[in-house]
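> So TrEMBL lists the following for this protein:
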- Glu114: active site, proton acceptor (ACT_SITE)
- Thr36, Gly37, Ser38, Thr39, Asp92, Gly93, Ala94, Asp95, Lys105, Gly106, Gly107, Gly108, Lys132: substrate binding site (BINDING)
Amino acid sequence: MLPPASASNQLNQEKQLAAAAALRWVRDGMILGLGTGSTAAHFITLLGEAVRNGQLRVQATATSQASEAQARELGIPLLEPRRGLRFDLTVDGADELDPQLRLIKGGGGALLREKILATASEYLLIIADSSKLVPQLGQFPLPLEVVPFALPWVLDAVAELGGPPVLRHNRQNPQEPARSDQGNLLVDCHFNQISDPAQLATQLQTIPGVVEHGLFLGLARAALVTQGEQVMVARPGIGPVPATGFAELP
Ligand SMILES: O=C(CO)[C@H](O)[C@H](O)COP(=O)(O)O
């Protein structure tokens, strides 16, 4: 097994390769959704270069304040939310994806805006390193965005569902809870194995005070997952097979 530093370098390289492959799915004139996290950040960097070089003219909306700041700094034209706004393509990372392209997202705390943009997109393309593809969801703790007042009751309800909940803390200031861009709390639920993601999603949706959960079901149309140096493409229930490059959108 690789030592941790080399393993994380390798995963970072895989993220960069997946991001570079995703750039080839972007067409001139597209309206894009920009994801959040380290893999999405690689994509935004490459997109910014393509915009600066005049290779691509696009407009975009970001799924977090962090991604928005990065895109603004790189000169990517940004669109505010408005009625009727739809995205041709949203490119985002994931914490876990299974062979049906069901996802766990929200490790970076942006699950609410990520789900809003994914739902408003014609095409959600996931980019990921090889560690993210799993046979069954649940090893990665499932994030919830929770209204602060509701926290105690949400913790009780999630514990009853069999996913021991842990309130996420601010990395810079561990005494404080982590907050989403909306000012809500984040709770990570340790289910370990999620045998029926659809049933769990329904159960979580009915808990008052849960603003959103990190299960993304039926939203991803394709995923670019790098294994070593090879970028693979997976579609729900199909693949992964080596990605061939251009014109992957149906
Ligand atoms: O859902 C997310 C943020 O809320 C990210 O897409 C997810 O956490 C993956 O992050 P990374 O690309 O850094 O591994």
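The backbone N, Cα and C atoms fix where each Cβ goes, glycine too.
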> Around the Cβ of Lys105 (substrate binding site), how many other Cβ atoms lie within 10 Å? Please give the count over every shown protein chain.
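Within a 10 Å radius of the Cβ of Lys105 (substrate binding site) lie 31 other Cβ atoms.
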> With a 10 Å radius around each C-beta, find which of these recorded positions (Ser38, Asp92, Gly107, Glu114, Lys132) has the fewest other C-beta atoms nearby.
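Among the recorded positions Ser38, Asp92, Gly107, Glu114, Lys132, the sparsest Cβ neighbourhood within 10 Å belongs to Ser38.
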> Determine, from DSSP, whether Asp92 (substrate binding site) sits in helix, strand or coil.
strand
> For the recorded substrate site formed by Thr36, Gly37, Ser38, Thr39, Asp92, Gly93, Ala94, Asp95, Lys105, Gly106, Gly107, Gly108, Lys132, which further same-chain residues have Cβ atoms within 8 Å of the site's Cβ center?
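Close Cβ neighbours, site residues excluded: Gly35, Ala40, Ala110, Glu114.
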> Per DSSP, Ser38 (substrate binding site) is which: helix, strand or coil?
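For Ser38 (substrate binding site) - judged by DSSP and reduced to three states - the answer is helix.
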> Cα within 10 Å of Glu114 (active site, proton acceptor): which of the binding-site residues Thr36, Ser38, Asp92, Gly107, Lys132 qualify?
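Hits: Thr36, Asp92.
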